[in-house]
């Protein structure tokens, strides 16, 4: 049974060009499902029945998995059996009459503009090479709304400080070129001109990565998460996740009057409905101040002047 799971995962990588993190999530979901049906004495995938699928969903609910997790597990199983059916490995699809569970969709959590300002000022209170790097990363995240996975994948050649743009590669290899504001450009210039070379001394060979760790290697998502956790503790915040900066960018842009379609392109969303969820968040503390924030006004000005560079095909 594991051989067919591996074949499916290779299909996701080679044919559908899914990201490594997405494939890892599929593996986790299918490993749990495989353990479940094996415990029910199913030795071949053709032995799995409609009742097995329903029992798996009940199993997840009884263990109080979040509705989003149940929905993801079921979606992974449905995709897997569609693959098996299409390849002729099973005669019928036991998930065919299974409805995807409804997901209780929580609104994204965003920081207020005041909290963003405090976060962006924290690194320079003790300007070490690492914290100057942190300043550049945080400014860039808030200025562009890019994902952390996109941030840590940036190379030196992706930054164009002359034209104030950054080129990032998103999900499914989609490339977009984003404008950056003056605050982010200044922070990046300071980092690239001074701090990066100090961090690079820890590396045995030249490296293209834009953001380096203290050993001179490319900073990882996990490394960034630990950095952000440190700043959250310094601010006294109960929780601060990397994605909250992306949420904050979107909410503050829309509250300041930015066009929904422009924000969709900046975020790299394929569907406008994904971006629309941010219109339901309107912090009383962020509706007005964001208009007078130099950082936010500058970004919003880029949008209003239609300086957004279209996503490359």
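Every residue gets a Cβ built from N, Cα and C, even glycine.
Feature list (source: Swiss-Prot):
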ACT_SITE  147  active site
ACT_SITE  171  active site
ACT_SITE  243  active site
ACT_SITE  246  active site
ACT_SITE  269  active site
ACT_SITE  278  active site, O-(3'-phospho-DNA)-tyrosine intermediate
DOMAIN    1-85  domain 'Core-binding (CB)'
DOMAIN    106-291  domain 'Tyr recombinase'
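Secondary structure of the domain 'Core-binding (CB)' (1-85) per DSSP, as helix, strand and coil residue counts: 68 helix, 0 strand, 17 coil. Taking the active-site residues 246, 269 in turn and counting surrounding C-beta atoms within 10 angstroms, the largest count is reached at 246. Closest by Cα distance to residue 246 (active site), from the active-site residues 147, 171, 269, 278, is 147. Within 10 Å of the Cα of residue 243 (active site), the following active-site residues from the list 147, 171, 269, 278 place their own Cα: 147.
In this structure, the active-site residues under consideration are 147, 171, 243, and the one with the smallest number of other Cβ atoms within 10 Å of its Cβ is 243. Counting only same-chain residues at least 6 apart in sequence, those with a Cβ under 8 Å from the Cβ of residue 278 (active site, O-(3'-phospho-DNA)-tyrosine intermediate) are 108, 247, 250, 251, 254, 263.
On the backbone, the CA of residue 171 (active site) and the CA of residue 147 (active site) stand 10 Å apart. Residue 269 (active site) sits 11 Å from residue 147 (active site), counting Cα to Cα. DSSP assigns residue 171 (active site) to a helix in the three-state reduction.
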